């Protein structure tokens, strides 16, 4: 019997394990044995408890790497953001929810028309009463009151239009999340103050820019088109929502230009059909914009 210093002597009736042939992998360690330092576990298995991956090596396929995920940045470009796919999704979701969308938009339009008619009748009645019977001319100060009245009507119409856009935006986000949409969805806001302030800021920026040869107002409206989405969906403040919209558009300007032109063309065609076509083009355009808003941020959209 040969000597085996420092180890357990083999039994006489148990042959010694022969060494592996050249080029072959050694057998896996038995129960209670540690793997050699720096040796990687077999494919698809985790290293033993307490042992880390060898430095510089990736974890096995299908297992997430160690460490927290990277924070999401607004405007990170992603694949699969075609404008045609956006409008296809928007049309499909509109036809699947045609009842709530039509009733919601019609309800807003009915309120807008009713308020406009009532205010216009009041203004016309006041202007008639301000006519001097002798000269058949308006009395002093009546002209200012008439202009103020029409500006008031315009402001109310713009405010109600902002409500309608915010309502359809909220419903579109619900559709993108795969939730059921009802008529009440169009009139339910959890941060109404921020929504109105954001709409006011975007309207002022667009209006002031339009006074400067129209183009600046169009550019501002283009970059701020996702503002209400960030206010309603992410609960951002109006100013932060405008900044986030500018960032998202700036980093995906080519795709968003095509979307902007597509929505404008759809609404133009809808207006040409005696305005009735906008009952379809307006919600479909906002649904397409919702799809693009989510996909540009690599967020899921309900199929």
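Positions of Cβ are set from backbone N, Cα and C atoms, glycine also.
Over in TrEMBL, the protein carries these features:
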- 1-79: region 'Disordered' (REGION)
- 16-30: compositional bias 'Pro residues' (COMPBIAS)
- 31-60: compositional bias 'Low complexity' (COMPBIAS)
- 61-71: compositional bias 'Pro residues' (COMPBIAS)
- 101-124: transmembrane segment (TRANSMEM)
- 144-164: transmembrane segment (TRANSMEM)
- 185-205: transmembrane segment (TRANSMEM)
- 211-232: transmembrane segment (TRANSMEM)
- 244-264: transmembrane segment (TRANSMEM)
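Within the chain carrying the transmembrane segment (244-264), a Cβ under 8 angstroms from the stretch's Cβ atoms is held by residues 74-77, 81, 83, 86-87, 222-227, 229-230, 234, 236, 285, 288-289, 292-293, 296-297, all 6 or more beyond its ends. Non-local neighbours of the transmembrane segment (185-205) in the same chain are 100, 104-105, 107-108, 158-159, 162, 165-168, 170-171, 174, 217, 220-221, 224, 227-228, 231-232, 235, 237-239, 241-242; each lies 6+ residues outside the stretch with a CB under 8 Å from one of its CB atoms. Outside the transmembrane segment (101-124) by six or more residues, the chain places 94, 146, 149-150, 152-153, 156-157, 160-161, 163-164, 167-168, 171, 181, 183, 185-187, 279, 282-283 with a CB less than 8 A from a CB of the stretch.
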